[in-house]
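According to TrEMBL, the feature ATP binding site maps to Gly10, Ser11, Gly12, Lys13, Gly14, Thr15, Arg127, Gly172. The AMP binding site annotation in TrEMBL covers Thr31, Arg36, Glu57, Leu58, Val59, Gly85, Tyr86, Pro87, Arg88, Gln92, Arg133, Arg144. Positions annotated as region 'NMP' by TrEMBL: 30-59.
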Amino acid sequence: MRLVLLGPPGSGKGTQATRLKEYLQVPHISTGDLLRAEVAAGSPLGLQAKEVMARGELVSDAILLGMLEDRFSRDDTRAGFILDGYPRNLAQADALGKLLEKLGQKFDSAVQLEVPTELLVERIAGRAAAEGRADDNPESVRKRLQVYTDQTAPVIEYYRQHGELTVVDGVGSLDEVFSRIVEAIAPEKVVG
Ligand code: B4P
């Protein structure tokens, strides 16, 4: 199964992708995690991305596409994937479509997690206290939410128009949200 998880920061994309990965037995590809690994390694790419991420802005499309092409060149993505954090703007949605076409892979569904803004802010504040991620400070969170509204929300329309959008209520316990996603993506597709 080839899935994209869409939703604002704090909507549970990373959280649910970790569970879906076990359930669907396909790799979880988080562009945020890939970037954070580059930052931690101090690579040239990581050095470029570090400040941009800390400000809550989007890293350049060219860097992201290069990273994605590299990740998709690995055999484990042939049977499927859960893509978390990509695409974040229309240019990235278009680039992903072209990449899958080139690889001869059929896309299944974009799952949008819907969560009200007050709850997003609350969840991220909880993670800030627990993990201290560089971009979970109030100023960056405001910026990330704004970037989401301006650049990522149109991606939802893109998938809706392609008839590939599945909307899921992201409010509730981790188990409740997970069950809703599994139900929405048609469990019969999951077997095999
Ligand atoms: P990401 O790593 O994608 O960060 P995120 O949007 O905050 O989502 P995340 O998956 O981590 O959080 P989740 O909602 O699961 O991106 C970080 C930065 O990297 C971006 O700002 C950008 O700079 C850069 N970047 C990444 N991809 C890019 C791209 N394609 N193009 C350009 N730049 C890119 O969880 C949040 C919190 O909520 C957690 O603490 C979790 O425990 C909690 N939570 C989740 N579900 C819950 C529930 N049901 N109930 C209660 N709490 C819940």
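Numbering starts at 1 and runs along the chain as it is shown here.
Cβ from N, Cα, C; glycine included.
This view paints the features noted in TrEMBL onto the structure.
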residue: Gly10; record: ATP binding site; DSSP class: coil
residue: Thr31; record: AMP binding site; DSSP class: helix
residue: Glu57; record: AMP binding site; DSSP class: coil
residue: Tyr86; record: AMP binding site; DSSP class: coil
residue: Arg127; record: ATP binding site; DSSP class: helix
residue: Gly172; record: ATP binding site; DSSP class: coil
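In the predicted model, the region 'NMP' (30-59) shows an average pLDDT of 97. Across the binding-site residues listed here (Ser11, Thr15, Thr31), the residue whose Cβ sits among the most other Cβ atoms within 10 Å is Ser11.
Pairwise Cα distances among Thr31, Arg36, Glu57, Leu58, Val59, Gly85, Tyr86, Pro87, Arg88, Gln92, Arg133, Arg144, the recorded AMP-binding residues, top out at 25 Å. Around the Cβ of Arg88 (AMP binding site), 20 further Cβ atoms fall within 10 Å across all displayed protein chains. Looking only at the binding-site residues Gly10, Gly12, Gly14, Gly172, the densest Cβ neighbourhood within 10 Å occurs at Gly10. Sequence-distant neighbours of Lys13 (ATP binding site) (same chain, six or more apart, CB under 8 Å from its CB) are Leu5, Leu6, Gly7, Ser30, Asp84, Gly85, Leu113, listed in sequence order. Under DSSP, Thr15 (ATP binding site) is assigned to a helix (H, G or I) in the three-state scheme. With a CB cut-off of under 6 A applied against ligand 1, the binding-site residues Ser11, Gly12, Gly14, Arg133 are reduced to Ser11, Gly12, Gly14. The ATP site in the record is lined by Gly10, Ser11, Gly12, Lys13, Gly14, Thr15, Arg127, Gly172, and its two most distant CA atoms lie 17 Å apart.
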